[in-house]
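Asks: Annotations for this protein, taken from TrEMBL, read as follows:
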ACT_SITE  A:108  active site, proton acceptor
ACT_SITE  A:316  active site, nucleophile
BINDING   A:108, A:109, A:110, A:111, A:112, A:187, A:237, A:269  substrate binding site
BINDING   A:354, A:356, A:359, A:385  Zn(2+) binding site
DOMAIN    A:31-418  domain 'tRNA-guanine(15) transglycosylase-like'
REGION    A:1-21  region 'Disordered'
RNA sequence: GGCAGGUUGCCCGAGUGGCCAAAGGGAGCAGACUGUAAAUCUGCCGGCAUCGCCUACGUUGGUUCGAACCCAACACCUGCCA
């Protein structure tokens with residue numbers, strides 16, 4: 001189905017410790033199961049990767065993260081570079097050992113911060129642009145902490161105001177010292193407010209940076225020959241434009257340096273929710289089938305189905321944990337806030353069908369009490385539940401792809417979660 | 001018994017003639033959050049309701065075109081002196 005020309009030889013030659021194997025496929029679509037192998041364990045895909053930006057899944061012990069079924073954790077190069085410093089993490093044995101997470105780890109490149117601290121200052125990556133105008137972005141830019149140029153990005157630390165420079169090479173050096181099993185190429189995110197012209201030049205810039213990342217990655221891999229192999233994923237941008245997304249994916253897939261190419265690919269950037277499936281489909285169509293495809297920042301139930309059936313293998317997202325800290329919890333029948341009056345005297349679990357530690361031991365009334373009393377345990381218990389909810393949902397999707405029940409699972413799950421859609 | 005200070009919306013607390021249904025907190029009620037500058041942010045928060053009207057700043061009475069704000073009496077509370 002792929003229209004791409006024969007891809008370069010897989011970089012993950014035997015012995016590197018990294019690999020990807022496709023399992024079952026979804027009839028009539030791009031969906032598939034698979035297995036990602038890393039030096040720190042395997043990941044059965046589709047899989048949800050839990051986010052632990054600063055080398056911790058906020059409010060939760062690593063043992064608990066494992067218990068709730070997470071197969072991998074994703075941290076962030078920009079944040080760990082600023083604090084405690086990549087050298088400290090490296091001296092601490094690398095990301096996994098430093099944070100006491102024995103399984104597979106990922107690090108994001110810092111590309112997201114180019115946007116969130118730059119033009120997207122104080123703005124969420126726009127998936128719903130209603131009410132937003134170009135002026136909002138321009139005004140926000142007045143106080144931005146990051147400025148992009150063709151060579152890289154200059155950041156002002158949000159911690160102490162100091163100035164820092166990230167280039168593709170710096171991001172690779174930082175991510176090599178952090179030592180995650182999967183690292184991402186340094187990319188530029190745009191917003192939906194950017195013009196078509198800017199999106200074009202941004203895709204070119206991201207591609208040029210990806211090439212530089214692969215080159216620096218090869219150099220570092222050779223230089224650090226005794227270190228565990230780290231897989232590098234290129235990141236596909238291109239906003240909502242089919243030609244840009246397809247070209248970005250095709251061009252990344254074709255990059256080859258000394259016989260090596262990207263081990264996998266990330267799909268990210270500005271896009272509207274209703275285009276998510278279509279865009280994922282275009283990109284999957286262009287990418288080689290023997291490499292994993294990671295969706296950056298996706299976890300809503302409908303989005304997970306949409307992406308899987310269009311070829312996505314893994315996901316990460318801050319939403320389950322962030323939202324949990326603010327009292328929003330997922331249930332089979334939709335999301336609600338436990339800190340509202342309705343839960344004050346409700347002695348039922350968040351979701352009676354959930355097998356998580358929180359649902360098997362605590363009531364909505366207790367969680368409501370913890371939030372009202374501003375007790376830290378509220379965030380911990382709700383994070384456990386939300387992460388379990390998303391991990392378990394993706395696990396069910398994976399099983400359904402294999403046993404042919406995907407369509408039924410999708411209809412039943414979304415019918416309950418979004419009753420009036 | 002004397003002197004001084006105080007009594008504001010659910011709570012704390014600003015306001016000392018009109019711009020006051022009354023700042024600001026807190027509590028309460030709701031909402032948002034998709035590669036984490038987020039255990040954060042936003043809205044509502046006397047009643048009825050379209051401008052607007054009604055009821056409100058301890059109680060009662062007074063001054064004034066107009067009072068939470070000025071005056072008097074009363075009721076509580078708080079200091080200091082006896």
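Each Cβ is built from the backbone N, Cα and C atoms, and glycine gets one as well.
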Asks: How many other Cβ atoms are found within 10 Å of the Cβ atom of residue A:111 (substrate binding site), counting all protein chains shown?
Replies: 28
Asks: Let's check the environment of residue A:112 (substrate binding site): how many other CB atoms sit within 10 Å of its CB?
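Replies: Its Cβ shell of radius 10 Å holds 25 other Cβ atoms.
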Asks: Consider the recorded positions A:108, A:110, A:111 and say which one has the Cα lying nearest the Cα of residue A:359 (Zn(2+) binding site).
Replies: A:108
Asks: Excluding near sequence neighbours, so keeping only residues 6 or more apart in the same chain, what lies with its CB under 8 A of residue A:385 (Zn(2+) binding site)?
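Replies: Listed in sequence order: A:324, A:329, A:330, A:350, A:351, A:354, A:356, A:358, A:359.
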Asks: Whole-number Å distance between the CA of residue A:316 (active site, nucleophile) and the CA of the residue listed as 'active site, proton acceptor'?
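Replies: About 10 Å separates the two Cα atoms.
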Asks: Just name the winner among A:110, A:269 (the binding-site residues) by count of other CB atoms within 10 A of its CB.
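Replies: Counting Cβ neighbours within 10 Å, the top one is A:269.
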Asks: For the domain 'tRNA-guanine(15) transglycosylase-like' (A:31-418), report the average pLDDT of the model, please.
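Replies: Its mean pLDDT is 93.
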Asks: Tell me, if you would, which residue among A:354, A:359 (binding-site residues) has the fewest other CB atoms within 10 Å in the structure shown?
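Replies: Checked A:354, A:359; of these binding-site residues, fewest Cβ neighbours within 10 Å: A:354.
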Asks: Please report how many Å separate the Cα atom of residue A:187 (substrate binding site) from that of residue A:108 (active site, proton acceptor), as a whole number.
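Replies: Approximately 10 Å lies between the Cα of residue A:187 (substrate binding site) and that of residue A:108 (active site, proton acceptor).
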Asks: Could you say whether, by DSSP, residue A:385 (Zn(2+) binding site) belongs to a helix, a strand or a coil region?
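Replies: In three-state terms, residue A:385 (Zn(2+) binding site) counts as helix.
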Asks: Considering the active-site residues A:108, A:316, which residue's Cβ sits among the greatest number of other Cβ atoms within 10 Å?
Replies: A:108
Asks: Within 10 Å of the Cβ of residue A:187 (substrate binding site), how many other Cβ atoms are there?
Replies: 31
